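> A single structure is presented below for examination.
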Amino acid sequence: MIDFEYYTKTYDDDNNNMFEEPSKSLDEPTTSTDDSKKDYGTNKCMQILCTRSLLCSAIYFALAYFIQGITDIASGFVNLPLQTILKDRLHLSPSQMGTFFFTCTVTWSIKPLYGILSDFVPICGYHRLIYLLVTTAINLCAWIALYFAPTEYNYLLIFCVLAAFSLAFNDVLIDALMISIGRPLALIGTLQGIQQTSAKLAATISQIPAGILASNSVSFQYNQTLNNNNNTLKNIKQNSDLNKYIFLIAAACPIILFFATLITVRERRRKLNKNNFTQTWSILSGIFQYKRFWIIAIFLFIYSASPQIKTALFYYQRDKLHFNPFYVSILNTLYNGCGILSALLYLSIFSHYPTKRVLRIAIVMRIFAVASYLFAIDKMTSICVAIITGFCSEITNLAILHLAAKSCPKNIEGTLFALFVSCVNFGAATGDWLGSIIYQYLGFIALIIIAIIWIGTTILVTCHINEHGINSTPDDDDEIDDKYHYYNVIEKQIQTIENEDSDDKETNCSSG
């Protein structure tokens, strides 16, 4: 059982302050009484309980992200069978499929709104627990509805958007709980590594079963020829049901997460604190006034919005290379598996490099990875390309996230980082949509060339990169002084708000 309030303490229960501080170390014995040895022994027992609770927390976070890796529409267990349904059953063109997935994944681009909602609008006094249960239940209903609804474009789009929305909202809540535990113990990086590894592992091991299911349905559709029209219609209906088993399997995941949340998560009830909302909005409105923020956000979007080949590659492999879904799943497994090794390589080597150098290496590696698709002409070369691109994938992704994290001022890094990641997510969704359109009208080779040129031009921006992100120059009407620097201004705003709050508390105490 995980008590997420155990690791932290609030400033004032009467004010219901949502912001928390690290609790005192459990190793420190109490020295103000004669029972210090007894208190020290008690603290040691509590430390053991804390270790066990932390282990339960890590298991819960790993389970949540493992389920996310399975049910993610864009890259999880359901992705390949869903693509097969859209292409072979509904006969969508590449641009139409790109529009479908763009509409679904755009829900991941507004994640900061989910965080603000859960932070400042509690349900029955709970900021996380009830939202977790509700979003998990919505995800379950979406998968069940996809199984029972007719295999039509509108039904698939509506319920897939609902599934993606609930999963994105759930992701924000899980991250908030992770931060509440990881920040006092300085374990945010470790817990994030556990989460991302679990999600990537789920996406890797689920590709083969998904490919088997999609491949069997396709062979069932194309390899059986019946003369009787009634039998043919019955055969097509059975094939549709076989395709849709994927949704029924996916529905089991939110059920597991729902009961895991009920069993493990404990949260103290709190009232709505309007002061916190006012403070956060004041800080964010100050950020939006600075060119530095917009330069970073626009760069992250443009870099991520380079034409992607994900949807286009599926059509190229199926129509041009004539791969069946099962072989496509093998390539996806190799890609995701090498992606895990890529993340480990980044953490062990590239994470210690300067920001500018890492970003340039990442851009060059991405150009090399995209260009390698030109050599995917048969099964063996496609395997080599999947391995190469997999090794490059997480290095390029983590480099961009590293830039976003470096560009965040102190004390509001969580909120601002979520905004930057939303720019990356929206850019990636836009890039896949653009790539599908380019592939449909210009072809696969033209798509690769345009993507290489697009990515290559972004390397010019690295000239303005330093250890704190992108350099910025003050406006002409501003004095060239430290007080106009991006970080100093934001930090002074935060310090001013905190000083005002402390003055108000002292005034209330003196008047009382």
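Cβ coordinates are placed from backbone N, Cα and C, and glycine is handled just like the others.
Quick caveat, the model's predicted, so the values are computed rather than measured.
Okay, these came from TrEMBL:
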- 15-37: region 'Disordered' (REGION)
- 54-78: transmembrane segment (TRANSMEM)
- 129-149: transmembrane segment (TRANSMEM)
- 155-180: transmembrane segment (TRANSMEM)
- 242-265: transmembrane segment (TRANSMEM)
- 293-314: transmembrane segment (TRANSMEM)
- 326-346: transmembrane segment (TRANSMEM)
- 358-377: transmembrane segment (TRANSMEM)
- 383-404: transmembrane segment (TRANSMEM)
- 416-435: transmembrane segment (TRANSMEM)
- 441-463: transmembrane segment (TRANSMEM)
> Counting only CB pairs under 8 A, let me know which of 129-149, 326-346, 358-377, 441-463 has the most with the transmembrane segment (293-314).
441-463
> Do any residues, 6 or more residues outside the transmembrane segment (358-377), come within under 8 Å Cβ-to-Cβ of it, and if so which ones?
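For the transmembrane segment (358-377), the sequence-distant neighbours (Cβ-Cβ under 8 Å, at least 6 residues beyond its ends) are 309, 313, 316, 321, 350-351, 384-385, 388-389, 392-393, 395-396, 399-400, 402-403, 444-445, 448, 451-452, 455-456, 458-459, 462, 465.
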> Is it the case that the transmembrane segment (242-265) and the transmembrane segment (129-149) touch, counting contact as three or more CB pairs under 8 Å in which the residues of each pair are 6 or more positions apart?
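Since 3 or more Cβ pairs under 8 Å link them, the transmembrane segment (242-265) and the transmembrane segment (129-149) do come into contact.
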> Do the transmembrane segment (155-180) and the transmembrane segment (54-78) come close, with at least three CB pairs under 8 A (pairs 6 or more apart in sequence)?
yes
> Restricting to the same chain and to residues at least six past its boundaries, which positions have a Cβ under 8 Å from a Cβ of the transmembrane segment (326-346)?
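Those are 75, 80, 196-197, 200-201, 203-205, 207-208, 210-212, 214-215, 314, 317-318, 379, 382-383, 386-387, 389-395, 398-399, in sequence order.
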